[in-house]
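Colleague: The structure under discussion is supplied below as structure tokens; questions concerning it will follow.
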């Protein structure tokens, strides 16, 4: 499941335009946003260093898109404060817009304009000195030479997503906000996309990317996990896994479906998940987990092995806790 | 078998029907259109529109003070077609009032009218009518001719008469032959421009929102005013070409004259185009989707058609309807375009309507810019 990780080396720092300490791209404190009676983001505090690829994870409706929109000035927070590239997210969103590339979840370039026309439009809005030249260069960089005159709406999902990335990197931003950029894109295109993101980060760009894919999370320098508006965990993948204190066993053998049902009911087991021909069995308390599985350890038909919890185990556990909290409050 | 087939057929129709009703219930604007359009039509046709307009503004020039003169004027008032709003001193003032559209009729009682009348010389009452709208002036002129026998029937000082004691010499100005094309073609110019310009921009913002491109646009460094002006500008050119086409065809096919300054006509037409585009753009910022924007444009177009003086004489409408009419750009433009083409009016004479267009445009633009959602909140 783990793809070869690109080196976890942040790119060289770039000069900040604002008054912010130079190595911080995003710093927000206590951000809260509600729509009607629903609190979508609750008291969110986070800090993203420059040159990092920062993964933003969480279940659907957890407030990822809302957070990203608040960062680039598309939504006004109800309370809380913060800066993006040193500019205040409440009062200086016009300046933020100039230096941030935002890639929306849904393809939002003009379907009825060609690839070249879309890129030239973006270049002109940002006031680039040579829009035609900039668009030409972007087309070459994206490998879209053969498709420059094709209408954007006629491109396949993977190409649309490359075009969208090309459009938001065109004005030479310092920060990229990518909202589920690879949803619905095939694995090869996904891989190429991530190589591109790492190349951009190596040039000093900061990238905040939201995703549902665990392999993508593992390609980020740092990750944050947000559920139901709350930030539940953050740090490097290793730190997040370690901080979970999960004890995980993998078990393989016969009749795993029945075993999964039985184990899930036992005290101390918070998660039982099938992975191919084996089960992942986890719980936060090592003694309780070991006690719960003790009866089955002796079964010769089953093979037990202690395992490192995967990021997915950790997230599903976190999600369960968050739901539990939600139910209690 | 057949029975159950029919039952399934009806059930599926029922399922579809239920779904349509549910969706319709959530589509408030469509429901509003269904109610307001027929109501609006009914009220406007029933109360506002009058093809036999009465109380038309009239100026009088009395070259002598006489009892018969006063009798004739009061008889004119009694027909209820004429409303004497001004008494002027000379013919120049007369011309100015007609030219600027302040009055539709000018009535002159010439010197020695009473003396000639008593002698039985059949003097003539001079009437000048603004015939740019033949429908509006036609009925009033016809009524005037019957006055010749009735107005002085009870006046004992005049010898018994069998033939009418005086004549009415009427002069239909600006459109002497009462050719309806001369009125319709300039009117169509305004109406067509209103409809097409509204539709062009009414979809401008809602299309971006519906296609999801608005999110990217908002995340880019461009202001609402810049978006608005950029979206309106190309249609000004298109509207101008469309206007030229109508004017060109009107002069070639229907021999509609352009007595006034062509450059003035072009300038004020451009102003009118920009005003309509701003109104359409405002709808675009108010509507949730393209369908709603179209419905709003249609609801707005209806009073334009009925209350602007295009189909029915403006002067014939009750005061409240005239006030509504004054808020519509088309009303002002119709006056402008008819005056320039048929009367040869100048900017000074059209300053009120020109200023009204500018004000309406600025109001529309202000609403559009303040209503434009800078964020997705």
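Heads up, the Cβ atoms here are built off N, Cα and C, so glycines get one too.
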Colleague: What range among B:207-231, B:232-256 does TrEMBL describe as transmembrane segment?
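Modeller: Going through B:207-231, B:232-256 one by one, TrEMBL flags B:232-256 as transmembrane segment.
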Colleague: For the transmembrane segment entry in TrEMBL, name the matching range from B:161-183, B:299-321.
Modeller: B:299-321
Colleague: For the transmembrane segment (B:29-49), give me same-chain residues lying six or more residues beyond its boundaries with a C-beta closer than 8 angstroms to one of its C-beta atoms, as numbers and ranges.
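Modeller: Long-range Cβ neighbours of the transmembrane segment (B:29-49): 287-288, 291-292, 295-296, 298-299, 302-303, 306-307, 311-312, 316-318, 320-321, 324.
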Colleague: Hey, which bits of the same chain come close to the transmembrane segment (B:184-205), Cβ under 8 Å, at least six residues off its ends?
Modeller: 214, 231-232, 235, 238-239, 242-243, 246-247, 250, 254, 256, 269, 272-273, 276-281, 283-285, 287, 290, 293-294, 296-297, 300-301, 304-305, 308-310, 329-330, 333-334, 337-338, 341-342, 372
Colleague: Same-chain Cβ contacts of the transmembrane segment (B:354-372) under 8 Å, 6 or more residues past its ends?
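Modeller: Contacts of the transmembrane segment (B:354-372) (Cβ under 8 Å, skipping residues fewer than 6 from its ends): 205, 224-225, 227-228, 268, 271-272, 274-275, 278-279, 281-282, 284-286, 326-327, 329, 332-333, 336, 347.
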Colleague: Can you tell me which parts of the same chain pack against the transmembrane segment (B:232-256), counting only residues 6+ beyond its ends and a CB-CB cutoff under 8 A?
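Modeller: Sequence-distant neighbours of the transmembrane segment (B:232-256): 181-182, 185-186, 188-189, 192-193, 196-197, 200-201, 265-266, 269-270, 273-274, 276-278, 281, 341-342.
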